[in-house]
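Residues or ranges marked as domain 'Major facilitator superfamily (MFS) profile' by TrEMBL: 1-363. Feature annotation from TrEMBL assigns transmembrane segment to 44-66, 78-98, 104-125, 137-155, 167-187, 288-307, 319-340, 346-362.
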Amino acid sequence: MLGMLQFGYNTGVINAPEKNIENFMKDVYRSRYATEIQEESVKLLYSLAVSIFAIGGMLGGFSGGLIANKFGRKGGLLMNNVLGICGACLMGFTKFFQSYEMLFLGRFIIGVNCGLNTSLVPMYISEIAPLNLRGGLGTVNQLAVTIGLLISQILGIEQILGTDEGWPLLLGLAICPAILQLILLPVCPESPRYLLITKQWEEEARKALRRLRASNQVEEDIEEMRAEQRAQQSESTISMMELICSPTLRSPLIIGIVMQLSQQLSGINAVFYYSTGLFVSSGLSDETAKFMTIGIGAIMVIMTIVIMPLMDRMGRRTLHLYGLGGMFIFSIFITISFLIKVGQFLNLKFYGVIILFLVIITL
């Protein structure tokens, strides 16, 4: 779970210290060029620090499968933590060396780290978990993400680390999950599925299963993996073009892509990165906006816990449809609220805040 907590922490950590980071960029530019940087350029630099994390995450996500098969799930995670430590150190020392380029590089590397985590961690958990626990443990991934978000938002308030002096430490604390995982992973077994199916090491797979199940009765798990291996061997491999052109596979492919896009294009990532600025534009003070951002994180943790028992009772599809409907309605409301405020017809200070909370709940 530390890998997914790392992902959540680094997604939300850049939000609260926005003004502090922008002040740092102004100071560095002034000391280098003996002139003031334009406000638009500062916003561009800050946006780069935010977005380069996603670029790194994309590269990490793409390479996750290759690394998992080449080095193993456990081995891949161990290597990935080295990236996490490097990225955290670069971010933590960016002010010491007066270099916002270090911040960009650190955010990119930690993005690669988090992208790999989103691929390797669920894979490892699903392959070591008993069949009856896989669904429940899968939802714990999302809980770890939201807890990481909440931790970063709490630490980012001015009373803790959300200051001009404290924000480098706030970003550098991303080193903690990486070090903890680097210490704890060596005592964990490798994925039995990887050992049996990918490496053909049946005896090693049995040893790993005995440790995981705390029992010598592992034949059922071995037979399940053998059946999966036989099924894989009997299936012919297809190219990406064949996958797209096949009438029987095209529909499931489109459904899977659209389901992923429904989350990514919902605007939730913009809320993670810019909610403090959104609350300020709704009329709140900077300090109050940071506390409201903590409220977002708290609601996400609560809603994740609430949803976990409902998944089996109501079904994934039903819950997803309810969420999509809520996002559609309240995204329209929040757009209207900002348009009206810009037009100065009505001060929707509190209404905008409430609508933002409703958007998060429905997500």
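A Cβ is built for glycine as well, from the same backbone N, Cα and C atoms used for every other residue.
Bear in mind that TrEMBL entries carry predicted annotations, made automatically and left uncurated.
Taking residue pairs at least 6 apart in sequence, the transmembrane segment (167-187) and the transmembrane segment (44-66) share fewer than three C-beta contacts under 8 angstroms. Tertiary proximity for the transmembrane segment (137-155) is limited to same-chain residues at least six positions away from its ends with a CB under 8 Å from its CB atoms, namely 1-2, 4-13, 15-16, 121-122, 125-126, 129, 161-162, 170, 173, 177, 272, 290, 293-294, 296-298, 300-301, 304-305, 307-308, 311. Within the chain carrying the transmembrane segment (104-125), a Cβ under 8 angstroms from the stretch's Cβ atoms is held by residues 1, 3-4, 6-7, 10-11, 14, 48-50, 52-65, 67-68, 73-74, 76-77, 80-81, 83-84, 86-92, 94, 134, 137-138, 140-141, 171, 174, 178, 191, all 6 or more beyond its ends. The average pLDDT computed for the domain 'Major facilitator superfamily (MFS) profile' (1-363) is 86.
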